[in-house]
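The following features are taken from TrEMBL:
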DOMAIN    17-237  domain 'Aspartate/glutamate/uridylate kinase'
BINDING   LYS20, LEU21, GLY22, GLY23, SER24, GLY66, GLY227, LYS231  ATP binding site
SITE      LYS29  site 'Transition state stabilizer'
BINDING   GLY65, HIS70, GLY170  substrate binding site
Amino acid sequence: MTGDDSVRNVDGAAPPVVLKLGGSLITEKGRPETLDDAALSAACDAVADALAAGAADRLVVVHGGGSFGHHHASEHGVSTTDGTRDAEAVAAIHGAMKRLNAHVLERLRERGVPAVPVHPLSLAARADGADGGLDLPLGSTVTLLGEGLVPVLHGDGVATAGDGVTVVSGDELVVELATGLGARRVGVCSTVPGVLDGAGDVISEIDEFAAVADALGASDATDVSGGMAAKVRELLALDAPAYVFGADGLAPFLRGEDAGTRID
Ligand code: IP8
C-alpha cells in the first residue's frame, strides 16, 4: 500500500487512517478507572474538527487501556503472555475496557462523530498460543467504514489457544488494522511528543532501525526491552507512513500534515 489517495484497498474504497489514542493520554494512569477528561475531550474535539473539515474521512480509532484495563489485568496476573481461564477475571478486564470504550464513544458521538464500538474479545484469537500471531477478522470494521461510521477498537482480552485469555494491546491492533486495511496513514498519539533521542529531543524522521537503535537504548539485533524500540520496529515494518506524536500533534496529523516523529 502507498500513501497515494488514488490507490483503492480491498473493499474498493479509499484507504483509511488508523489512529491510536494511548491509554496514558486519555486516562489518569495512577488512579483506577479515572479518565483524563480534559485530554480525552481535546482529542475528541480534534477528531470531530478533522471529520467536519473533510479531512480523515474513513477513520478507524483504537484506544489503549490506561487505568481501566491495566489495573484489572495486573490484579488478575494477566498480560500479553500470561493468560487466565477464570471467567471472572476476563469479565473484570473486558468490562473495564468496555466502560472506557463507552466513555470514548460518548464523547465522540456528542461531537457529531459517528463512532461505534468493535470489541476485539468477541472477534480475535491467538490460535497458535500466546507466542503466535493475532487473528483479527476485519469484516465488521471494513463494513462499518463503508457505511460511513467510525469503528472504535480497544486493547482487550483475546482468546488464546492453550492459555485461556491473554491481553491484546492497542498497539498490536493498530499493526493488524494498518496491514489488513491497507491504511493510508497511521498515528499513535500519547503523552510524549514523539520518539525521543538520548538528549530528550524529538527525532523528526526514522527510516531505518539501525540509525536510532542506540538512541532508543536497543541493539539492532535483539530487543527484549519492548517499549518505544519495539513500537518503532513494528511501525517501520508497515507500508503506510506512521507518526508518533503528543496531544499537540493530533490536529496536524489528522489534517494530513507531519507531526512528532515520522516513521516510514
Ligand atoms: O494500553 C491494553 O491495551 P494497551 C488493554 O494498548 C488491557 O496496552 C486490557 C490491559
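Here the Cβ of each residue, glycine as well, is placed from N, Cα and C on the backbone.
Annotations in TrEMBL come from automatic prediction, not curation.
Structure coloured by features recorded in TrEMBL.
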{"residue": "LYS20", "record": "ATP binding site", "contacts (Cβ under 8 Å, 6+ apart)": "VAL61, VAL62, HIS63, GLY64, GLY170, ASP171, VAL174, VAL186, GLY187, VAL188, CYS189"}
{"residue": "GLY23", "record": "ATP binding site", "contacts (Cβ under 8 Å, 6+ apart)": "LYS29, HIS63, GLY64, GLY65, GLY66, SER67, PHE68, GLY69, HIS70, LEU100, GLY155, GLY170"}
{"residue": "SER24", "record": "ATP binding site", "contacts (Cβ under 8 Å, 6+ apart)": "GLY64, GLY66, SER190, THR191"}
{"residue": "GLY227", "record": "ATP binding site", "contacts (Cβ under 8 Å, 6+ apart)": "none"}
{"residue": "LYS231", "record": "ATP binding site", "contacts (Cβ under 8 Å, 6+ apart)": "ASP171, VAL188, VAL244"}
| Cβ distance under 8 Å to LEU21 (ATP binding site), same chain, sequence separation 6 or more: which residues? | LEU40, ALA43, VAL61, VAL62, HIS63, GLY64, VAL104, CYS189
| field | Maximum Cα-Cα separation in Å among residues LYS20, LEU21, GLY22, GLY23, SER24, GLY66, GLY227, LYS231, which the record lists as binding ATP | value | 17
| request: Return one of helix, strand or coil for SER24 (ATP binding site), based on DSSP. | output: helix
| query | Relative to the Cβ of GLY22 (ATP binding site), which residues of the same chain, six or more apart in sequence, are found under 8 Å away? | reply | HIS63, GLY64, GLY66, GLY170, VAL188, CYS189, SER190, THR191
| task | Look at the recorded positions LYS29, HIS70 and tell me which residue has the greatest number of other C-beta atoms within 10 angstroms of its C-beta. | result | HIS70
| request: For the recorded substrate site, enumerate neighbouring residues of the same chain (Cβ within 8 Å of the Cβ centroid of GLY65, HIS70, GLY170, site residues themselves excluded), in sequence order. | output: GLY23, GLY64, GLY66, PHE68, GLY69, ALA73, MET97, HIS154, GLY155, VAL167, SER169
| query | Out of GLY66, GLY170, which of the binding-site residues has the smallest number of neighbouring Cβ atoms within 10 Å? | reply | GLY170
